[in-house]
Amino acid sequence: MPIYSSDSDDARPSSAPPKKLFGREKPLHAILGGGKAAEVVLWRNKNLSAAILIGATVLWSLFEVGEYNFVTLLCHVSIIMMLVLFVWSMGAGFVDWSPPDPRAITIPESIFRWLFAEMNRILLKFYHVSSGKDLRTFLMAITFLWILSGIGNYFSSINLLYIGFLGLMSVPALYERYQSDVDYLARKGNKDMKKLYKKIDTNFLNKIPRGPVKDKKKY
């Protein structure tokens, strides 16, 4: 249930739509790409999202808790799959089983096309930001990467990736569910910060003595 306030500063005309977080205009699903990845992140397909989250948690547990090496894990998984297929194939001749279908263990080409399309979209976005066409976004990206590089000194790569994955799988879905409350609190916080800055500017900053401003000579 959205949070409302009776303060006069929060009142707004009924004809003016409320501002979204970060001034966004598109739905969150469209901002995230509007494809299968957005549906997974926003938990539109709960079974698939839950399966991906459980799989990522299992991998994190094996690498971080079980201290598995990637090559060792890959070999053990391959051995288990080969044993399962061997028993399945050999048992089909003795029991009324249907032999394994090779198409069941192959990856559809559509997944690779979608994956490459997403990678190309990210690379184009990276190029657009790096080209300097949007200076604000460029500076924000540089700052974010610099902060992330500092945080990476205190976490292992596996832990950092897993924490980022958990944030990706939880924050957008929670925001989409409670976006009216979050947008309202963000607007109220922005107004409170402006009021605080105005009060500090009036009571302190404007009282700091300043020397006379000399007019620059024009040539």
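Cβ atoms are placed via backbone N, Cα and C, with glycine included.
Quick look at what TrEMBL annotates:
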{"type": "DOMAIN", "residues": "37-219", "note": "domain 'Reticulon'"}
{"type": "REGION", "residues": "1-22", "note": "region 'Disordered'"}
{"type": "TRANSMEM", "residues": "47-63", "note": "transmembrane segment"}
{"type": "TRANSMEM", "residues": "70-91", "note": "transmembrane segment"}
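If one looks beyond the transmembrane segment (70-91) by at least 6 residues along the same chain, the residues whose Cβ comes under 8 Å of a Cβ in the stretch are 62-63, 97, 99-100, 105. Mean pLDDT, taken over the domain 'Reticulon' (37-219), works out to 82 on the 0 to 100 scale.
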